[in-house]
Amino acid sequence: MSHPPTILRKTHPLLSLGNSMLVDLPSPANISAWWNFGSLLSLCLILQIITGLILAMHYTANTELAFSSVMHICRDVNNGWLMRNLHANGASMFFICIYAHIGRGIYYGSYLYKETWNVGVILFALTAATAFVGYVLPWGQMSFWGATVITNLISAVPYVGDDIVMWLWGGFSVSNATLTRFFTFHFILPFILAAMTMIHIMFLHQTGSSNPLGINSNLDKIQFHPYFSFKDIFGFVILLGVLFMISLLPPNALCEPDNFIYANPLSTPPHIKPEWYFLFAYAILRSIPNKLGGVMALAAAIMILLVIPFTHTSKQRGIQFRPLAQVTFWILIADLALLTWLGGEPAEHPFILMTQIASTVYFMIFILIFPILGRLENKLILLSKNTGKFNWNLTY
């Protein structure tokens, strides 16, 4: 009696891990393009690590040479200009995908997979830290003053704040030691991100993906390859196309003009601001006139994502069938867009007042409005069931 042939990808100790994650993974049959952003983030991370390693071969972490070494990469290194443009604009694409991924998680209730969601929020915080220390490396005006302003905020932490700032700076101000430290952090953090991504995927595969209907999909699953692998590749093509188009046509469109000026500690830029993808958090920071309060608000702007699973009161998983919550969700998106714009404006009237209102709305939506709407919609559904007009199935 002949035995069926053994399939190496299913029996090999290492290949079987990849097989269970990328080939034979049971996936809900109805997941849409909004579920592509996880794989797009993996692509962005791989691209950033590759281009970053190439740039690190030519970069010099020294205050006297850092700015010149970046110019040397762009002018003298073969395709160095392309690597630098891909790395700089790749960060923007990275954060676009992150925000879309988080938005999808909020819209479709993916945060109810608490372990996966919490690891994802930690990944977001680590990515933000990586991007911040990377922004300092070219040693332009905005690099220097951004590092000075943001790191100085840590001094607001009671008792230990000043000591932490001194350790970060390696002295009494942002200096050569600071640049060396930041280059070290920027080099090692992406590899920590890659390890955390594996943990994120492991937790996800314990529960399986959610789906656009928000119901249990165990009865209708298909294998990941070839159905969703080709769908992901289509997303890769679009992302790479947009990234190369930006990097080749307007490569500096998303960069800060002041950062093309060599860092000068004696000349403060008229308006210090971070990259565009941090402007919403920077606006929330500036909305509080107190230093410690601003730091707490900045941390809360990201850490509030950890609270969402515990303030979920609706009997439905997502908001795709909840009109009131949908309106609130899109108000949140508009509010974030407004905060992003306000973060790039000077800290003066009327922008300060607008920022304070927008920041209050941001926190109110997560802490108060979403939970209240969840309970209200539960009551409306119960009322409609009692009147016999609709037959609702609320299990997920």
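A Cβ is built for glycine as well, from the same backbone N, Cα and C atoms used for every other residue.
Residues annotated as heme b b562 binding site in Swiss-Prot: HIS87, HIS186. The annotation heme b b566 binding site is assigned in Swiss-Prot to HIS101, HIS200. The feature ubiquinone binding site is assigned by Swiss-Prot to HIS205, with similarity to another entry given as support. If you look up Swiss-Prot, you'll see 37-57, 81-102, 117-137, 182-202, 230-250, 292-312, 324-344, 351-371 marked as transmembrane segment, on the strength of similarity to another entry.
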For the transmembrane segment (81-102), name the stretch out of 37-57, 117-137, 230-250, 324-344, 351-371 with the most CB-CB pairs under 8 Å. 37-57
Given the binding-site residues HIS87, HIS186, HIS205, find the one whose Cα is closest in space to the Cα of HIS101 (heme b b566 binding site). HIS205
Taking only the Cα atoms, work out how far HIS87 (heme b b562 binding site) lies from the residue listed as 'ubiquinone binding site', in Å, as a whole number. 30
Take the transmembrane segment (324-344) and find every residue of the same chain, 6 or more past its ends, with a Cβ under 8 Å from one of its Cβ atoms. 103, 106-107, 273-274, 276, 278-284, 286, 314, 351, 354-355, 358-359, 361-362, 365, 369-370, 373-374, 376-377
In the same chain, who gets a Cβ under 8 Å from the transmembrane segment (182-202) while lying at least 6 residues past its ends? 21, 41-42, 45, 48-49, 52, 56, 59, 61, 116, 119-120, 122-123, 126-127, 129-130, 133-134, 136-137, 147
Cα of HIS200 (heme b b566 binding site) to Cα of HIS186 (heme b b562 binding site): how many Å, rounded? 21
Where HIS186 (heme b b562 binding site) and HIS205 (ubiquinone binding site) are concerned, what is their Cα separation in Å, rounded? 29
Fewest neighbouring Cβ atoms within 10 Å among the binding-site residues HIS87, HIS186, HIS200, HIS205 goes to HIS205
Which of the three DSSP states, helix, strand or coil, fits HIS101 (heme b b566 binding site)? helix
